[in-house]
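Asks: These came from TrEMBL, pasted as-is:
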BINDING   Asp9, Asp11, Asp176  Mg(2+) binding site
ACT_SITE  Asp9  active site, nucleophile
ACT_SITE  Asp11  active site, proton donor
BINDING   Asp20, Asp95  substrate binding site
Amino acid sequence: MAGIVVVFDFDKTIVDCDSDNWVVDELGFNVLFNRLLPTMPWNTLMDRMMMELHSHGKTIDDIVQVLQRIPIHPRIIPAIKAVHSLGCDLRIVSDANTFFIETILKHLKIRECFSDINTNPSYINEDGRLQILPYHDFNNFSHGCTLCPPNMCKGGIIEKIQESLGEKKRLIYLGDGSGDYCPSLRLKEQDFMMPRKNFPVWELICRDPLLIKAQIHEWSNGEELERISLQLINKISSGESSEFISSNCNLHIMCVFGSD
C-alpha cells in the first residue's frame, strides 16, 4: 500500500484523552491550569505549567510515569500495527508536543510505525525541566489561518505533506478536535476524512459537509477506527468505490459518511 498515507491526530484519536490535561490533572495542577487558561494561548500555558511543575519539585520521571499510564482503547495499537504492516505510510499531526508523543509511542512500542511526527517541539533544558515551544512561532509572525490556534495550522501541514507526495498518493486523515477541521478542508476528492463522531471536528463537518471534498467516514472508538480504516485501505487497494450517503448528524442535513 505504498500509495496510501494515513495521518493521525494524537490526543483523543490515538490516546483516549488529551495528553496535556492528563499530565496536569494527574500531577494535581488542574486548579492552577484552569485559572491561567483564560490569560494565554494553550501552547504558552503548557510551557508555563511545565515550569510550575518543575518549581514544585515534579521531575521528568514523574511526567514520564504519568504519560505511561495514559488511557488508550485496546484496539488502537493493533490497528496501527495492522495499517503499518500493510505498507501504508503513517504520520502524526498533533498540537501536543514531541516529548509527550515520543514517550507514549515508545512505551507502547509503536514509535517505529510512524515515519514522521509534526507537533510542537519540546526539550529538557539545562535545569531539568521540560520546555514546550510553538510549532509556528506566532510571536514573530502569523500563519494567517483564522480556523487554527496561533501556534499551529494543521491545514498548512497537510498541504506540505501533499506537495511532498505528489498526485498519486491518497490520504486518510483521522482526528477529533476543532483543529482537525482545517486539514479536512485541504483534502482532495481521492482522499478520506475520518472524524470521531460527536467530537468537535465531526460537528463542524456536519454544519456543511459539502465543503469537504474527501469522502467522510465517521468512527466512535478504537474498534471502529480499526475496522473502518482497514476497510478503506482494502477498498483503495482494490479500486472499489466507498462513497455512501447518511443523514446522521442530528442537524437535519445530509452528510457523506461511511456506512461501515
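Sequential numbering from 1, following the chain as shown.
Cβ atoms are placed via backbone N, Cα and C, with glycine included.
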Asks: Same chain, not part of Asp9, Asp11, Asp176: whose C-beta falls within 8 angstroms of the C-beta centre of the Mg(2+) site? Give them in sequence order.
Replies: Phe10, Lys12, Thr13, Ile14, Asp18, Ser94, Gly175, Gly177, Asp180, Arg196, Phe199
Asks: Could you tell me which of these binding-site residues, Asp11, Asp20, Asp95, has the fewest other Cβ atoms within 10 Å of its Cβ?
Replies: Asp20
Asks: What is the one among the binding-site residues Asp9, Asp176 whose Cβ has the most other Cβ atoms less than or equal to 10 Å away?
Replies: Asp9
Asks: What's the CA-CA gap between Asp176 (Mg(2+) binding site) and Asp95 (substrate binding site) in angstrom, rounded?
Replies: 12
Asks: Taking only the Cα atoms, work out how far Asp11 (Mg(2+) binding site) lies from Asp20 (substrate binding site), in Å, as a whole number.
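Replies: If we compare the Cα positions of Asp11 (Mg(2+) binding site) and Asp20 (substrate binding site), the gap is 9 Å.
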